[in-house]
Amino acid sequence: MDLLRSHLHKVRIPEPTNRIHKDECCVSFDTPRSDGGLYVDMSSFLGFGREHVEWNFEKTGNPVYLHIVQRRKPEPDEADRPLKKPTLLAIGVEGGFDDREPEYDVAYEIIILPDFISLPFPSVDLPEKVRLAVDKVILAESADRKQQLAAWVADKKNISAYAMDLQQLDNGVTVPPTGWKCSKCDKTENLWLNLTDGVILCGRKLWDGSGGNNHAIEHYEQTKYPLAVKLGTITADLEAADVFSYPEDDSVEDPLLAQHLSHFGIDFSSLQKTEMTTAERELDANTNYDWNRIQESGKDAELLFGPGYTGLANLGNSCYMASIMQVMFSTHPFILRYFEKQSLKAAFATAPADPTLDLNMQMTKLGHGLLSGKYSAPTKEEEIRPHMFKSVIAANHSEFSSMRQQDALDFFLHLIDRVEQANLGNHELNPCSGFKFIIEERVQCPSGKVSYNKRSDYILSLSIPLHEATNKEQLEAFNEKKAAMDLDGKELSNEEIVRPRVPLEACLASFSGPEEIPDFYSTALNSKTTATKTAGFNTFPDYLVLHMRKFVMEAGWVPKKLDVYIDVPDTIDISHMRSKGVQPGEELLPEGASGDNKTEPGPVASEDIVSQLASMGFNYLHCQKAAINTSNTGVEEAMNWLLSHMDDPDINDPISKDSRASEQSVDEASVQTLISFGFPEDVAIKALKASGGNIEKATDWIFSNPEASSSASADSSTSNVNADDAIPDGSGRYKLMAFVSHMGTSTHCGHYVAHVLKDGRWAIFNDSKVAASVDLPKDMGYLYFFQRISD
């Protein structure tokens with residue numbers, strides 16, 4: 001006790017703003033449930049495992065720690081824990097798939113280093129300052145918990161701004177308990193009751209033709225009555241009812257729903273659930289064929305343990321991150337950088353005062369957690385919960401720091417960007433250089449002259465030519481059968497569905513094949529013309545990442561996921577795709593116009609490309625920049641550039657001070673009109689610019705782009721080649737080493753799973769579950785990772 005009193009000046013009483021790490025070690029994945037428990041530094045409030053707490057004492061000299069040990073309580077009978085049907089396409093979150101934690105007994109003691117002298121807690125003999133400090137640590141929300149709560153706030157249903165003062169017309173409408181039908185068509189399902197006038201109308205038409213006929217939203221556009229509730233979801237449990245706010249464009253809570261329903265004579269206590277909510281419909285659409293096959297559900301798979309076979313606990317829609325990190329830490333550059341050549345102690349020694357905020361420390365921690373085998377054994381209760389890594393890698397990124405599902409491709413590019421920034425100027429330490437390659441594009445105009453453009457990238461994004469399907473006869477027979485069954489009102493089972501099979505070679509050929517470029521401005525002809533573009537690899541990377549463009553835009557800006565199989569071989573040879581550069585006898589296009597004609601003023605974007613992109617809902621200025629930065633080579637190239645650069649800090653800057661391509665103005669009255677509908681000002685401006693100032697089209701654009709107000713894509717790869725970059729090159733022969741699959745109708749919902757070739761066999765990494773693959777779904781990948789076959 002005297003020793004403790006001599007160290008009182010090293011003990012701090014935590015303030016509300018202090019971040020208290022009492023759930024997990026900041027340099028390992030040890031927790032209070034680990035064999036040695038967790039030691040919380042009573043000066044910095046950082047947590048350390050038994051193997052690492054002495055490192056902190058050596059570095060800081062802080063001697064007083066709160067030791068927390070948790071021991072698992074016996075499991076109650078399963079009969080006492082009834083399972084609930086999930087209502088959200090998420091894992092380990094309320095309403096999602098069950099991932100309940102067992103209960104634990106907790107014990108505390110005070111430890112004084114370096115001799116690990118133990119003092120009991122609680123104890124009246126302890127100095128008051130120590131008792132007060134420890135009590136505040138125990139009662140405080142941990143840093144990890146605070147972050148989780150903050151991230152979830154934006155995703156929970158908000159109370160509608162229109163609910164408390166909702167206008168309800170005294171029009172004598174009484175809604176019967178059954179027998180509902182849309183008042184404008186014959187639809188009897190997916191019906192919505194407008195809570196202002198009691199009109200029953202059908203919901204939105206979905207991309208596959210199902211749903212409704214858009215009558216409910218058309219009614220809102222005419223009347224501006226804001227709230228509707230989905231009939232068939234109203235029961236005695238009013239919280240489960242599906243209420244939608246049109247001006248807020250989201251599912252919302254209506255605290256006065258009982259009152260609003262009774263206005264139309266609805267006794268909610270007697271109603272039975274007959275319809276799925278929007279969330280349940282999304283879940284049902286995804287937990288079938290894709291979900292089961294990609295996860296290899298129902299297979300008697302051998303669980304795998306040991307180094308390199310450690311799962312990652314789902315933090316709530318974090319599978320996009322888990323799948324990418326499992327693949328990255330199966331590549332040699334990441335294994336060398338953050339495991340074999342970087343010890344935990346060395347990373348901690350060079351980390352700043354708070355190692356939880358240091359990317360190098362948290363990457364090293366994750367690498368050792370996944371590859372050491374320490375947290376992967378059949379008898380171990382621990383699992384890796386990468387809260388600190390997620391916090392660091394997602395810092396200042398509004399989407400990745402949320403609990404929403406994200407696009408695995410976006411996260412891969414974001415990870416590359418963050419790791420490269422952390423290793424600037426040191427090519428040997430940068431593990432991302434092996435993924436980088438240079439694409440060379442050749443454009444030839446009718447004059448016969450050519451231009452060459454080089455850009456660097458980390459992914460090769462491939463369109464899927466459905467017309468190249470190898471099973472056309474089966475598809476024709478299937479479509480005839482489906483049409484006949486649709487007439488009879490019957491549905492096909494998943495086993496009967498025939499999907500197109502497209503060879504990977506056809507996707508690669510669609511990238512490198514010749515393509516016409518309309519409205520190409522030729523400096524040789526001093527006019528716009530039609531040119532031909534081809535593309536090839538100037539360098540071949542050590543690791544080639546192929547992105548399959550399964551998500552496309554249909555007419556009306558409706559996103560659709562292609563239901564297609566990609567036949568991917570185990571090895572590929574793309575040596576024939578190497579670009580040849582300027583050839584003997586070729587004449588390059590002049591940089592400026594010849595003769596007395598004036599050069600076109602500033603960069604000129606192809607209006608055809610810009611208008612096509614803008615019609616899909618993209619910002620007009622962004623479309624112009626995309627066309628200019630891809631030399632007007634085509635809509636596809638411009639869209640790829642746009643999707644990769646939407647988070648650029650200068651994306652909204654004018655193209656040039658005098659350029660005609662600077663941001664076009666919008667009518668202020670139109671902006672105010674959209675604001676009056678309940679849309680944010682920045683979203684209203686984006687929508688008007690994307691819709692040529694037309695209010696009706698702008699409203700459609702907003703409803704078709706619910707993420708319009710958030711940053712939509714990842715930090716991108718650059719389109720310029722830096723001469724100082726260390727870019728590898730070598731053989732064009734590759735072997736498939738991993739792929740990431742996605743199930744769901746959008747990259748921002750559903751689930752991601754990784755399959756990785758390790759030790760001569762395929763393993764499936766499905767969040768915390770790691771098992772030997774039994775039925776490899778190689779044809780259902782979204783991202784494919786190939787490793788160069790060494791010469």
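In case you wondered, yes, glycine gets a Cβ from its N, Cα and C as well.
Sequence annotations record features per position, and here TrEMBL assigns domain 'UBP-type' to 158-268.
Look at TrEMBL and you will find C182, C185, C202, H215 tagged as Zn(2+) binding site. Shown in sequence order, C182, K184, C185, K187, E189, N190, L191, W192, G211, G212, N213, N214, H215, A216 are the residues of the chain, 6+ apart in sequence, with a C-beta less than 8 angstroms from the C-beta of C202 (Zn(2+) binding site).
Feature annotation from TrEMBL assigns domain 'USP' to 310-789.
Summarising the annotation, TrEMBL assigns region 'Disordered' to 580-604.
A mean pLDDT of 77 is what the model gives for the domain 'UBA' (604-645). Feature annotation from TrEMBL assigns domain 'UBA' to 604-645 (among others).
Feature annotation from TrEMBL assigns domain 'UBA' to 665-705 (among others).
According to TrEMBL, the active site, proton acceptor annotation covers H751. In the structure as shown, the Cβ atom of H751 (active site, proton acceptor) sits within 10 Å of 26 other Cβ atoms.
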Other residues, Cβ within 8 Å of C182, C185, C202, H215 Cβ centroid (Zn(2+) site): S183, K184, D186, K187, L191, L201, G212, N213, A216
Could you give the number of helix, strand and coil residues in the domain 'UBP-type' (158-268) as assigned by DSSP? 19 helix, 21 strand, 71 coil
Candidate with the highest Cβ count within 10 Å, taken from the binding-site residues C182, C185: C182
Report, as a single number, how many Cβ atoms besides its own are within 10 Å of the Cβ of H215 (Zn(2+) binding site). 22
